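Student: Take a look at this one; I'll ask things after.
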Amino acid sequence: MHPDDRDPRRTDPSGPLVAEWGARAACRGVDAAVFFSPDKERGPDRARREAEAKRLCASCPALAPCRDYAPAAPEPYGTWGGMSETEQRRYARQRRRAESLQ
């Protein structure tokens, strides 16, 4: 999900300004409903919506910075960087572990 569609002033505190990569994002201008689940969405409906979001993300030139933005952003919901909410939490834990080993 392109962060500028939610708040154009937002930046990733650990990376480049969103504007530097956000302008190239494949999701720019796409309905946010593709990336954020409605209340109580479960099962096959959620899987289909997440698959569509991930399909858009897969060929996005801004995939890597968006993926890095996700765990640092104050936005715990939605598909970011081709990852579901659950995948984002797992990715953030893995990054923290890797950083602690350095």
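Each Cβ is built from the backbone N, Cα and C atoms, and glycine gets one as well.
Sharing the record's features from TrEMBL:
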- 26-90: domain '4Fe-4S Wbl-type' (DOMAIN)
- CYS27, CYS57, CYS60, CYS66: [4Fe-4S] cluster binding site (BINDING)
- 74-102: region 'Disordered' (REGION)
Student: Could you give me the DSSP helix, strand and coil counts for the region 'Disordered' (74-102)?
Tutor: 16 helix, 2 strand, 11 coil
Student: Quick one, of the binding-site residues CYS27, CYS60, which Cβ has the fewest other Cβ within 10 Å?
Tutor: CYS60
Student: Which one is it: of the binding-site residues CYS57, CYS66, which Cβ has the fewest other Cβ atoms within 10 Å in this structure?
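Tutor: Each of the binding-site residues CYS57, CYS66 was scored by Cβ atoms within 10 Å; lowest is CYS57.
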